[in-house]
Ligand SMILES: Nc1ncnc2c1ncn2[C@@H]1O[C@H](COP(=O)(O)OP(=O)(O)OP(=O)(O)O)[C@@H](O)[C@H]1O
């Protein structure tokens, strides 16, 4: 896994080495400052040479200025490295997410997905930047400071070293607790997101049922859980920082006392003494860094695991290696003994169906009979469990998915509109369509009068999911998209919601115009559509139980006669 993680550094190796190199140099300079102080006190002061003192001070300032520059580089370019990696991962995650199957999305929670693409990747970015750099600096200053202290005064250095294992044990112990607490916090944030997403997304339903307080109570549970978990984390943080502070100060006092003793005995110079005291601070700092690494690293790694899992999710429905681009289709469609179930429960059972190019077939039957499911197999939103489907004699899975879907228009019951303008929403049917083409499609879909009445015309913003449009208008936008797409095959899932008869007539005539010259499969809830169909397929319990023209089916006196009667 680490190898894969470091693979993401490859395009940014230059940045990585720049960041890493500057961090190492800065670490070395940190070690040089205590030595400079020692030399200053022990060698310069006794000489009483003022100009040399000023020169030394200027030299020290230059060193500090250099270190400032190095630190600025580390902060900016290091974070740049992190965000570059994060951006690349986010792009891949989004790309993959847009390709996952309907079956996968049936089980997904959007709130959690959003958290993965945003928060998880942010954590990884942080680790990508700080991980190697922190670990290296910590190790280097830790060992370096100890060697220098040992060089100044071995016995004193050993006293400091005695305290190190205790501090490390502390850091590791609390680091582990911190990791667990953070994991819990993030899981709480996930719950939170899901709740927010559903309550706000469904706020109209919440209000319609007067269930605001109920939602607030549910939210309060998540909110309080989050608070409790956060408080746990703060407790651990308080303990760690208190212990760290106490540890450092105690060691400093011990060093002060012991150092003073050695100075009085003439074993240690004053400069060595002061330098040593500063080194204790330098030596101690990596412990904090190690604590930080122990805290952030597992978070990043947990995020990276989830990211890898996401990328490894099988899109289920994808192009076979030998799939060919679909040629311009005529629109002959065949279902051969097709069966399907979303899970173990069979929904479609051995469907055989032959539709000629240009034909309009209406599907009717009781709710839950499998009409929508059957038609969802044609653009390969789901794969049949057995049997096969062909268009123009070619099996669907021989064709490249995009080239197939480009030739199938879909007008479904619940039209999804994006939160932009009417223009953007209609143009979704064929990206890059000109304004003239968009307007023409809108008029064909009977949106003309609406466009004329809107001061902003095509630029009118439709609101999130198109809330500013009526149900009938949304339907017409979907029809306009289909006109613009101009596919040889059309799937219409009629709106079941009652439209007034005038609107219904307009939409029906737009749909009739749309289906001219195309193979049209329509899930019919209205008699008007059924009459226009060349044939009617009556579905029941996942089977086609009757097939034929309206008159013949009525005369037969079977299921259809009962349904339409
Ligand atoms: N995504 C899904 N996951 C699992 N089961 C599903 C899914 N979609 C539909 N079903 C189930 O499949 C069965 C057939 O549903 P389908 O929507 O195809 O029926 P329909 O004939 O179109 O009904 P309606 O006329 O009410 O739209 C139903 O029992 C439904 O519960």
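Placement of Cβ uses the backbone N, Cα and C atoms for every residue, glycine included.
Transmembrane segment is the annotation TrEMBL gives to one range among 158-176, 177-195, 196-214, and that range is 158-176. Matching 99-116, 117-134, 135-152 against TrEMBL, the residues noted as transmembrane segment span 135-152. For the ranges 268-287, 288-307, the feature annotated in TrEMBL as transmembrane segment maps to 268-287. In TrEMBL, the feature transmembrane segment is placed on 53-77, out of the ranges 53-77, 328-352. Sequence-distant contacts of the transmembrane segment (268-287) (same chain, at least 6 residues past either end, Cβ-Cβ under 8 Å): 30-31, 33-35, 37-43, 45, 137-139, 141-142, 145-146, 148-149, 152-153, 156, 160, 167-168, 171, 244, 247-248, 251-252, 255-256, 259-260, 262.
Taking Cβ pairs closer than 8 Å, the transmembrane segment (12-41) reaches residues 56, 60, 63, 66-67, 70-71, 73-74, 77-78, 80-81, 84-85, 129, 132-133, 136-137, 140-141, 144-145, 148, 152, 269-272, 274-276, 278-279, 282 in its own chain, all 6 or more past its ends. Packing against the transmembrane segment (158-176) from elsewhere in the chain are residues 146, 149, 236, 239-240, 243-244, 247, 250-251, 254-255, 258, 280, 283, 287, 290-291, 294-295: each is 6 or more residues past its ends and has a CB under 8 Å from a CB in it.
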